[in-house]
């Protein structure tokens with residue numbers, strides 16, 4: 001059997017997303033709006049398969065054909081007859097559910113490959129003897145031959161997502177390196193093109209020169225007759241001695257489906273903001289224009305407090321090894337009014353609370369743009385995973401001048417972050433009951449502060465294309481050096497493009513730190529309804545949760561490559577290091593032996609020292625993070641962040657050794673089963689599924705009732721068209737991992 005790092009256990013937690021009550025309260029028109037937006041999101045989410053690994057689209061197509069012909073119960077009888085045990089068949093169901101849940105065969109949280117936990121020959125017998133194989137023998141056999149080996153392979157280079165010899169990514173062709181990624185970013189900056197909706201393909205010509213294709217995601221291809229703001233950029237370029245060509249049409253048939261349902265949703269929009277937003281999204285996905293998506297996002301920001309909230313596009317750049325390309329995601333959700341009222345009170349206090357942050361006013365935005373902050377019950381979240389909260393859009397220029405929205409996903413928090421006592425690792429017994437009682441409420445506070453005042457705070461110092469500065473060069477002083485500002489962002493540079501590989505994690509660390517820092521404020525806790533001893537418990541559990549998460553984070557560190565695979569977890573480890581460095585017994589991490597005789601560890605936080613020792617340490621660290629971000633000082637920012645993020649076996653903590661303990665006692669993230677919406681006549685029905693691997697599989701089998709087989713064919717064709725870019729990738733192992 002495979003290494004436990006690379007399998008999903010048979011007893012993995014599976015929860016259903018509950019949005020029945022929120023959906024019931026929608027009007028018929030709102031339901032139709034939500035339905036078509038959900039359809040657009042689910043179709044678009046299929047692009048994630050093509051953004052993950054070369055084999056993911058084939059695995060998805062194979063599983064879908066298998067379970068369409070026989071549902072999980074019917075296939076079980078066949079599998080047992082073929083000699084599988086109940087445990088082996090369950091392992092296959094869990095694997096299939098994992099592929100659907102992550103939209104690929106790499107975990108969305110941690111970027112680690114997962115493989116089926118049963119022998120390959122047994123699974124092969126089940127697949128080749130299945131009803132699907134009887135109906136279409138050649139197709140099923142070809143799919144199994146194409147993806148069977150890769151499905152199971154744990155060749156060193158295939159274990160994690162990464163660039164070059166560090167791993168697998170389909171944002172770049174297999175021979176691209178970090179140097180190619182940097183060169184491409186310089187090229188994109190020179191043409192004022194965003195990387196968000198692009199992939200990079202490299203071919204080395206006979207003359208030894210590299211030829212790069214920058215391919216934009218769009219319905220349209222490169223036909224110059226189809227004029228748009230982008231047409232002039234679709235051509236060949238010479239750049240620093242290399243050939244570049246900008247093309248478009250990536251994921252075209254998938255995005256065509258997205259556009260069709262966005263057009264249908266427009267008929268049920270509640271106001272002109274929503275209509276104009278959808279029109280711009282249609283333009284963006286049709287043409288491949290990020291500028292159109294920005295315009296749509298501007299209307300989205302202006303659409304305050306809608307009953308049905310949604311966002312769709314190439315959004316988060318966590319999984320691009322370079323940190324610039326966005327993964328497709330789309331969500332549709334309904335407002336939870338009671339919780340939203342608390343967040344609205346937090347927004348009302350935000351301007352006052354921003355002044356509490358530990359940097360000078362010159363480092364804060366010139367004007368606080370009052371954002372929307374709602375608690376939502378998710379109906380649909382298509383992509384590779386579901387977060388607990390979101391602060392979007394990610395476009396720096398919009399965030400600085402137009403604002404943003406914050407959302408907390410209430411029904412996701414309710415199921416994904418629920419804690420069971422027996423599963424609580426690394427805590428003292430006396431902390432466990434307190435932790436269970438206050439984990440949920442403290443996390444609501446942390447998510448609120450993290451999104452609104454973490455991601456929502458801070459100014460970037462920019463010099464525009466005309467040479468004008470958005471800060472006073474003569475009077476603004478760097479509080480870390482006592483001198484005038486020496487560095488800033490030039491026109492075309494963004495936070496992501498400048499800080500690239502550390503940008504996501506650094507920003508998550510800044511937002512998490514703001515949450516810890518401001519949760520000490522009594523006014524914040526009163527907003528959420530906590531006073532006195534309860535307020536102190538919320539603070540303690542919030543800080544305790546963070547330092548425990550810092551230890552759990554070691555699961556997401558790869559020692560062989562000395563890199564982190566998950567931005568949020570790296571951020572939490574950095575915060576743990578900062579609080580350990582503060583000393584005075586504030587935080588201790590001690591190796592122990594568990595009651596089962598195996599290695600264990602205990603995290604302790606001295607609650608009497610949170611304000612006296614923890615707060616000043618966090619204050620100093622937060623100020624440095626913000627100053628280096630504002631000034632675009634990537635050299636000092638990288639040195640600071642990577643210094644704290646380094647994992648060594650230096651005493652007293654011996655983190656590399658502790659990592660083995662963390663892996664020994666790790667718990668897999670829950671899989672979440674989402675409902676479907678179904679149009680029956682003019683009415684939209686909500687279809688729910690049981691909380692099990694089989695239920696999750698059924699939800700996906702019923703997700704595309706009109707065109708499932710056609711979509712699988714499209715995915716196979718799109719994957720096959722680019723397959724040459726990743727041939728022979730597995731054989732090249734990274735150094736030290738052969």
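Using N, Cα and C of the backbone, Cβ positions are placed for all residues, glycine too.
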Zn(2+) site partner of 450, 455 (as recorded in Swiss-Prot), chosen from 508, 526, 531: 508
Euclidean distance between Cα atoms of residue 508 (Zn(2+) binding site) and residue 451 (active site), Å: 10
Residue 451 (active site): tally of other CB atoms within 10 A of its CB: 27
Residue among the binding-site residues 450, 455 whose Cβ has the most other Cβ atoms within 10 Å: 450
List of residues, in chain order, with Cβ under 8 A from that of residue 508 (Zn(2+) binding site) and at least 6 apart: 567, 568, 570, 571
450, 455, 508 excluded, remaining Cβ within 8 Å of their centroid (Zn(2+)): 391, 451, 454, 507, 510, 511, 512, 514, 515
